[in-house]
Amino acid sequence: GWLAFTCCAGALILLFLPSLASEDRLVSGKPLYPGATVISDGGAFALGFFAPSNSTPAKLYLGIWYNDIPELTVVWVANRRNPSPTNTFSPPTLSLSNSSNLVLSDGGGRVIWTTDAVASTSSSSSPSMAVLENTGNLVVRSPNGSMLWQSFDHYTDTVLPGMKLRFKYGAQGGGQHLVSWKGPGDPSPGRFSYGADPATHLQIFVWDGDRPVVRSSPWTGYLVVSERQYQQDNNGAAVVVYMSVVDDGEEIYMTYTVAADAPRIRYVVTHSGEYQLRSWSNKSSVWLVLSRWPSQECKRYGYCGPYGYCDDLVRTCKCLHGFEPENTKEWDKGRFSAGCRRKDLLDCKDDGFLALPGMKSPDGFTRVGRDMSTSEECAAECRRNCSCVAYAYANLSSGRRSGGNVSRCLVWSADLVDTAKIGEGLDSDTLYLRLAGLNGEKPRGIVVMIVSPILGTGVVALCILLAWLKFKGKNRKWRKHKTFYEHGKGHPAHDHEFPFVRFEEIALATNNFSETCMIGQGGFGKVYKGMLGGQEVAVKRLSSDSQQGTKEFRNEVILIAKLQHRNLVRLLGCCGEGDEKLLIYEYLPNKSLDATLFGT
C-alpha cells in the first residue's frame, strides 16, 4: 500500500512508494509514479504527486513544491480541474510521449491532463526531455534544446521570481489569470482571480467571480519600478524585490527578481481574496506576509462611491473637489457607498478642467487617439464632448520603447468610480476634472490670504501684514469663514473672519498649478505665481502628504492675525478645502522689499 505523510499544517498529504533516486528531468520511457519525485538541479523544487488531506475519497494532483523548506508549499498544479482518484488498483503516471508531450494518466490509462504542445512525432534519434529548473519552472525541450512548453506560461495561484505575467493584446478575456485555490487544502479553482482588464489591458484586477475586489491604476507607461524593500522580521532583515513592466507591442508582461541569497519568496492569490507577497522565515519556519492587496478597506473597489476617492494618507474617503456627500448622515457614519454629488451642475458652455495630480485614475475610461502627441489634444477630445466629465493623458514612450511616440489619452463619460489620491509617482496620473464655471472665467473681487516668501539678493526676508480688505460693489460677493485654526486647547476662540477663496479659483489663477508658474519650493510645499482679480499674487500650496503642513499652516495664520504694519507684505486670503491648504500673498519681485522700505 501507499504510505501517507501529512505536512505540518495538516492540509496536504504526500503519497510515497519505496523511495526512488530522483534526477532533475523526465525522459521518454521512464514515467513518474506516486512516491517518486523529480528534483531540480540545486534542490530548490520538486515535482511529484500530492493529495489534499480533506478530500473524500482521496484525490491525487501533480504539482511542484519547495523541496528545501519543511512546510509543504505547492506553487503549481497540473490537473486542478481533473484530479486522479486513488481508489484504483493501479496508480497514476506522468510520462513524456514520443511527440514530446507530458501526459498524466490515471490507473486505467485514461488521459486526465497533457501539455498538448507538439502534434508531430519527433524524427530525431535524440529524445526530448522535461527538465525541472531551479527556478520552479518545468520545461519541455526538443532534442536541439529549444523550448516546447513551460509551466511558467500556465498559471495557477502563484508567481515565482523570474516568471512573467503576460497580457497579450487581442487575447480573449485579457489572457490568462492567476486563480486561487478553493480552500487551504483544496487546489481546485477557487472564487478569486488576478489578471489584466480584458477590455484595455491597462489595469490589473482581483476579482471575486465577475465582481471586482480591487483595481490597480491604469498603466502609465513605466517600464521599471526600480526596487521595493520589505522588512521580513523585527531584526531588521530586509527583502528587496526588483519589479519591471515591459510592453513589446504584442504583449505587456510583468516580472520580478530577488537577490540570489534572498529567502524564498512568492506572490500568491489567496482563497480569501488577497494578492499577497510572502517570504519564508528560516527563523520561525513560517510564511510571513510582506504585503497584501488590498492593503486597506477604503482601497476596495468602489468603496468610496461615485465621485468619492480614497485618501492614502488618512485612509478614509473624501469627495473630489466640487463635490459633496450624497448622504451626509451615512457619510459621517463611515458608510461611503452612496458617494458624492456635484455642488454646481455642468452646463458645457462655461465648464473648465481642474488638475488633480497624484491620483489613481478612475475605472470605466475609454482610450481614444492612440497617436495623440500632446495633452492639449487629449483635452480637446474631452472638451468637445459635453458628456465627458474627466480626462487623463500620459506619454507611454518617454524614450523607453521602440516603435515611435505612443501616448495614452483616457476619457470618462460616466460617474467616476474607484479613484484614490496616491501621491505623485510612476503609477499616478494627473486627473483633469470637469467643473462648472472654470472656462476662462476670471475670479471676481478675490480676497486671498497669501504669505509670500520674499527672495532677495543677499537678504532673505519674510514679512507679513494682515490686511482686512473690504470690497464694495454689487459684483463683489465673497464668502467669509470664521477661523478654526485658533480654536481648541491652548487657542481660545476669537471672532476673526478670514476671506476665503475657492480652490477652483486659485487653480485657475495658477494655470492648474503648472510647473511654469512655480517660483519656489520648501519643506512644506510649493509657491506659485498667479493672477487673481487682475493682481499678481504668490500662492503657497502646502503639501498634502506632510502632517507637519497642517501645523505650519495653522501657526502661519495665527501669526498673520497678530501682525499688522504698513510696511509689511500684505496677506490677501486663504483656502482650506478638504486636504488642500493654501496661503495667498501679495507678490513682490526680487529686491522690491528693499525698494519699499528704504527707497532704493
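Glycine residues also receive a Cβ, built from the backbone N, Cα and C atoms like all the rest.
Record features (TrEMBL):
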type	residues	note
BINDING	K540	ATP binding site
DOMAIN	23-153	domain 'Bulb-type lectin'
DOMAIN	348-436	domain 'Apple'
DOMAIN	513-600	domain 'Protein kinase'
SIGNAL	1-21	signal peptide
TRANSMEM	446-469	transmembrane segment
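A sphere of 10 angstroms centred on the C-beta of K540 (ATP binding site) encloses 25 other C-beta atoms. Mean pLDDT across the domain 'Protein kinase' (513-600) comes to 70 in this model. Summarised by DSSP class, the composition of the domain 'Apple' (348-436) is 9 helix, 36 strand, 44 coil.
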